[in-house]
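Q: Structure in structure tokens, see below.
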Amino acid sequence: MYSWKSKFKFGKSKEEKEAKHSGFFHSSKKEEQQNNQATAGEHDASITRSSLDRKGTINPSNSSVVPVRVSYDASSSTSTVRDSNGGNSENTNSSQNLDETANIGSTGTPNDATSSSGMMTIKVYNGDDFILPFPITSSEQILNKLLASGVPPPHKEISKEVDALIAQLSRVQIKNQGPADEDLISSESAAKFIPSTIMLPGSSTLNPLLYFTIEFDNTVATIEAEYGTIAKPGFNKISTFDVTRKLPYLKIDVFARIPSILLPSKTWQQEMGLQDEKLQTIFDKINSNQDIHLDSFHLPINLSFDSAASIRLYNHHWITLDNGLGKINISIDYKPSRNKPLSIDDFDLLKVIGKGSFGKVMQVRKKDTQKVYALKAIRKSYIVSKSEVTHTLAERTVLARVDCPFIVPLKFSFQSPEKLYFVLAFINGGELFYHLQKEGRFDLSRARFYTAELLCALDNLHKLDVVYRDLKPENILLDYQGHIALCDFGLCKLNMKDDDKTDTFCGTPEYLAPELLLGLGYTKAVDWWTLGVLLYEMLTGLPPYYDEDVPKMYKKILQEPLVFPDGFDRDAKDLLIGLLSRDPTRRLGYNGADEIRNHPFFSQLSWKRLLMKGYIPPYKPAVSNSMDTSNFDEEFTREKPIDSVVDEYLSESVQKQFGGWTYVGNEQLGSSMVQGRSIR
């Protein structure tokens, strides 16, 4: 468990920051650096950093309101559907070309971005032909007990179902497999004798051994099997998604929780694992009680139309997964919304996950779709008093425009006479900084994976003429599967063309680029410097020019040579030399992100596959489900979630500054002022 308190220091007064968050700095209090004037802090005897051992972010002004660094993830809300008469319609499989079917652009957007928002309802009926990628034990005693704990289909007696399966088991062909010549049930037959859901003795709780996730716009629903076997699971579930961006596909991932007692002997696992690295990874996860990823699929959806009526996109459609390990029967309906204004009353408040002088952040559930989000409430009077209206509106603008799977998306924004509200995807895998602190450093493949996803996120911002300016592990979240989610856009600079320069002194001391320290003005290339610093820190545990004394650290950034530990990867070293060039015009990425993409360090990556989240992340955060709040400080989560009443009058001229705040999936809605009611 780690503290998230430091994430909520932004937007607080200077006195609050010093009193409550002095631990965020190195041992002693460090003043924020302004206008290129650095003040020396006291030394700490230890150079090992913790989550409280970090230089503070340098804001453009003392009163900057920077978005709260919250962890969000997707909801897994589903309801039961009993319309399970799955008819056979056309089958979709991995041979379909998504580029042709769904009109995927380089950023994953559909061609028509102007159609209205709405709700997409997915009905999941059943699965078929699922197999496991490995054989299992042939022990009848183990399999009989497992079958007896399984859940039968509706209206069928469990004893008859178990007897039928046990009878089949007695006739199944046992094969001598592997170097150990072990008697095993083949992978093709194994799934027929493992229940998809079990009920432990003395318990009425269902424990699914097979489930899959449906992801749309960083919101995730978890669909768990209710009955049947892994080969033929029954689901009968409904899940509804809010559609605010017309993305061209759904991402489906299938997972299994296989009891380790079903695996072949340790000797067999070791010998076969030496021959097949992927198989060894599967065995390692099962033996560590982790879920294994079986298969995936990207289902094309066409939401680019103008219609006020509900439309069925798929009707009892069979989806064959990419690797052919099974298929799923679904229907999908889309219903355009009426673009009615939202209010806080449209959400159930679940938990407080952060607080500050600006207001609070809560985990909420949208009442109509039952999807879980993070809602950030900001008091208007606070940001007016801090002269931060422009920055806050800019933050909302960036969040509404970004279109990248590795950036936390804005789902909605709305306002009342007293407050502004952000509704964002809820991502709960924790800060990258926490995971880096816990492990010290990452291996090469893990660091490469995170760097590649961040490269896509920064490139997406640059294409929108936005400079991020504050890349660091604290501003990077992991979703429940382990993908990157970039957050905190309070220091972004908008309307920055390729050759434009700005000279605002802001960022985080360890990550400041030389041109920023010299006050020469900087371009988008400043983000590639910070990407290099982050990659170096992930591989070594510390930023390249780190020093306890801030002025000394700045001097190192400007003058000291880049040093690498012994045995450092050659391609990683060459990439870092390019990214950490002190001359921004010679820095890798100065002429565009493709310069970085084409570097040998990423030669084994398919960028198209990466953008579609087609790679299995190297690490999956330890969260029980997509609503898990264990990565948030209990000081917040224990508090009763309420939207506190604010009795603060703001004049009409002040209220007009917040015009255009509302976002429900398009930018056509203006801002209507209705006293005492929710404001659009």
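Residue 1 is the first one shown; counting continues down the chain.
A Cβ is built for glycine as well, from the same backbone N, Cα and C atoms used for every other residue.
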Q: Among Ser413, Ser581, Ser603, Ser653, which is the one flagged in Swiss-Prot as phosphoserine?
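A: The candidate carrying the phosphoserine note in Swiss-Prot is Ser653.
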Q: According to Swiss-Prot, which residue among Ser170, Ser260, Ser445 is annotated as phosphoserine?
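A: Looking at Swiss-Prot, the phosphoserine feature maps to Ser170.
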Q: Looking at Ser71, Ser296, Ser304, Ser381, which one is marked phosphoserine in Swiss-Prot?
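A: Out of Ser71, Ser296, Ser304, Ser381, Swiss-Prot attaches the phosphoserine annotation to Ser71.
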Q: Show me the subset of Ile353, Lys355, Gly359, Val361 whose Cα is within 10 Å of Thr504 (phosphothreonine); these are the binding-site residues I mean.
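A: Near Thr504 (phosphothreonine), where near means Cα within 10 Å, there are no binding-site residues at all.
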Q: For Thr502 (phosphothreonine), write down the residues of its own chain that are at least 6 apart in sequence and whose Cβ falls under 8 Å from its Cβ; none is a fine answer.
A: Val467, Lys493, Met496, Gly521, Tyr522
